[in-house]
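Here the structure is laid out as structure tokens; the discussion comes afterwards.
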């Protein structure tokens, strides 16, 4: 059922791969699944230490304003300006007791980038847009190009923050106006079970593991398949963190690299967080080249979001909630 996927090796130079923190494309291990055309699974192609950059960005930089997160719904704007600064000491001191109060970072469930998804209307809007992070755009463009999608534009991102009691209900990502471009999914931290279903909700899914550093590309027919994340699991190596996250970043980064060194202090906070968590980045192109949003009637999109537990189903009662479509 599993076969090696053919990548567009010559379309991404080794230098550009290095600048994105990736191995040369000819060293990637990419696989497809029979019956799922357009689905590509890439086993951790990151260079040693480079995953740390994306973890730190997801915890320290990307949750900052003007980006939007779930905590904005429950807290005054001034309270969510610096989640990292308010949480790092609490995280560093944190023990193993589940009775300890959670830091704000541990209460983070999602962050949106670029075109901010409106959870009420299930649409994107020209009126609710902030600059997309340039480092993440570069990474996404290299991965998309290697998979045969030249000219991919990273226009929207949804970052999901999972813990061992988190799950993501069955859904399909269809709110983007251009479905000809792939959806890219990057995982860091603890492992998870991923279910890839069919075009109909009731079709039996195929289950697979996603480990730290793995990338999934959903394109073609697979772009609109139902999928879910029912479980987050401790990394199978039996250690607090996967060994790929223990690797230090090379001191000799290439010219123009988007990867930055993390301080030991920053990484200690990230490592503590990841001992019980998984971070997932999904990157999308919303509009085709030259395409515009349809004229909107009524009020402008506000980026409102549902209650936390209707997106991350964290207990048996929450599993009766209708899952979101992103």
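The backbone N, Cα and C atoms fix where each Cβ goes, and this holds for glycine too.
TrEMBL lists 171, 173, 227 with the feature Fe cation binding site.
Look at TrEMBL and you will find 308-317 tagged as compositional bias 'Basic and acidic residues'.
What TrEMBL records for 150-287 is domain 'Fe2OG dioxygenase'.
What TrEMBL lists as region 'Disordered' is 290-326.
Neighbour density for residue 173 (Fe cation binding site): within 10 A of its CB lie 21 other CB atoms from the protein chains shown. Around residue 227 (Fe cation binding site), the C-beta neighbours below 8 angstroms that are at least 6 residues distant in the chain are 170, 171, 172, 194, 195, 196, 197, 205, 218. Each residue in the domain 'Fe2OG dioxygenase' (150-287) has a pLDDT score, and their mean in this model is 93. Counted within 10 Å of its Cβ, the other Cβ atoms near residue 171 (Fe cation binding site) come to 17, all protein chains included.
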